[in-house]
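Visitor: The annotation active site, proton acceptor is assigned in TrEMBL to Asp197. The feature ATP binding site is assigned by TrEMBL to Lys93, Glu152, Leu153, Ala154, Glu201, Asn202, Asp215. Positions annotated as SUMO2 cross-link by TrEMBL: Lys199. Taken from TrEMBL, the feature domain 'Protein kinase' applies to 65-368.
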Amino acid sequence: PSSRVSLLWKGFGRQNISLLLRTMAPHVALSSEHMLCPPGSPSLSDAPASPQLLRRGVGGVLCEVSLFQELGHGASGSVFLGKDSAQTPMAVKVVPVSHRPVGDEMLRSFLHERESLALVGEHPHVVSLLGSTPDTVVETHGGKRCKVLALELAPCGEVYQLVKSGGALPSALARTYARQLLSALAACHSAGVAHRDVKPENLLLAEDFTLRLADFGLSCPRCESGRTTPNGGVGTQFYMPPEVYRARRALSLAAAVAPSCRPTRVPSQQGLASTARVAAYDAFKADAWSAAAVLFTFLMGHPPFEFAGHRDWYFDRVRLSQWDSFWRGHERTGPVLCPQIKAFLQRALCPEPSDRPAVEDLLLDPWVTDGPVLTGAALRIVAQRHSSTAL
C-alpha cells in the first residue's frame, strides 16, 4: 500500500527553489495506510484531518507523490521511498512535529535543512531539494502534523558503509571523493551555508556512485561571516574540530553548574560573555576540519582522533606538531600514506582555526588537483569492487 502527499514541485534552477519556499501554501491532508508517525506521538490539533486547497506557488507546481516502503528512520523522522506520477523515485523525509522540546528540535532541524538546501541550489554533489509541504496532516492515530521534504534519492548507500565493508579506500577513489566533497562544501559556503555535521554517514552515493552531501539538519543557513554560536557545540565527536569540542564542553559545564546556583544568584555578564566567547567559532573553518577528518578516514579506514581535545593521544601529537609520532601510531593499524597525502592532511588538520585552510584552498592542494580521479564506469567498478572485498 502507498500513501499520497501533495507537494509543491520545484521548477528548474536555483531561483525557482527559493521562490517556491517563500510561497508555500497552507497544509493539505495526507491520507495514509502506512504508519508515518510513531504510535502515541502527540498531535498539535485534535481537529480531524480534511483535504484543503493548496495554492500553486510561484516557480512551483502541485504534484502528487506516493510513499512506499520506509528506507530508514532516526531522531529527526523517517525517510520513505517516494514516486511521482511519472514514477520518478525520490527520498521523502517525514518529520512529526509536537509541542514537546524534542518536537521543537525536529522542527528547527527541518527548517534549517529546507532553507540551506534552497540556498545552495543545484550542485552535482549536494543532495537536491525536490519539493516540500509546509505542514501536512497525517491521518494516523487521530491525525499528526508532519513536515515533509522530497529529496533526490541516492540509492547506493553511504560512503560510511563503503569504508566499513572494505576498509581504507584506494587512493584514486579517495581523491575522487575528496574533490567531490570539497566542491560541495565550497558551494555551500559560497551560498552562506555551514553544514556543521560532515561525516561519512552523511555522504550518500548516487546511482553512478558519485557523492552527495546530505543531512543539513544541523546546518547554519545565512552564515555570512562564518561565525556562529552553537547550541551545545553541534556535530559528531570523531570529526569535530577542537574549537567546537571546547564549545560543547564549555556550554555543557555552564549548564551543569547553573542548577547548583542559589535561586537568587544571577550569572555575571562577564561570565556569560566568557562562555559566549568560548562557544563562538567559525563554522566554515569547522567544516574544513571535519572534511579533513573524513578524508583521513577514507585513506586510513578509521578517524584520526577519538576526540579533538586534551587526553586524546593522537590529538596531542597534532597539537604539539609531533607528526612523526602521529603517523607512526596510525600506521601500526593502517596503510602507510605517501608524503603528498600526509602534507595535505597536516595542512587541513590545523588546530588553530585562523591558520587552517578554507575548503576552497584545500580544493587547490596538489594532492587533490594533480592525481588521477575516477569517472563513469571506472568509478562504479572500483567502488563496487571495494565494497565487496570484505564479503
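Cβ from N, Cα, C; glycine included.
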Visitor: Just counting, how many other CB atoms are there within 10 A of the CB of Lys93 (ATP binding site)?
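Guide: Excluding its own Cβ, Lys93 (ATP binding site) sees 26 Cβ atoms within 10 Å.
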Visitor: Test of understanding: give the count of other CB atoms lying within 10 angstroms of the CB of Asp215 (ATP binding site).
Guide: 21
Visitor: According to DSSP, folded down to helix, strand and coil, what is Asn202 (ATP binding site)?
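Guide: Note: Asn202 (ATP binding site) is helical by DSSP.
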Visitor: Distance between Asp197 (active site, proton acceptor) and Glu152 (ATP binding site) at the Cα atoms, whole Å?
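Guide: That separation, Cα to Cα, works out to 19 Å.
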Visitor: Whole-number Å only: compute the distance from the Cα of Glu152 (ATP binding site) to the Cα of Lys199 (SUMO2 cross-link).
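Guide: Taking the Cα atoms only, Glu152 (ATP binding site) lies 19 Å from Lys199 (SUMO2 cross-link).
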Visitor: Over the domain 'Protein kinase' (65-368), what does the predicted model average in pLDDT?
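Guide: Mean per-residue confidence for the domain 'Protein kinase' (65-368): 86 out of 100.
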Visitor: If the ATP binders are Lys93, Glu152, Leu153, Ala154, Glu201, Asn202, Asp215 per the record, what's the largest distance between their Cα atoms, in Å?
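Guide: Farthest-apart Cα atoms in Lys93, Glu152, Leu153, Ala154, Glu201, Asn202, Asp215 are separated by 16 Å.
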Visitor: In Å, rounded, how far does the Cα of Leu153 (ATP binding site) sit from the Cα of Lys199 (SUMO2 cross-link)?
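Guide: Distance between the two Cα atoms comes out at 19 Å.
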Visitor: Using the alpha carbons only, what distance in Å do you get between Ala154 (ATP binding site) and Lys199 (SUMO2 cross-link) once rounded?
Guide: 16
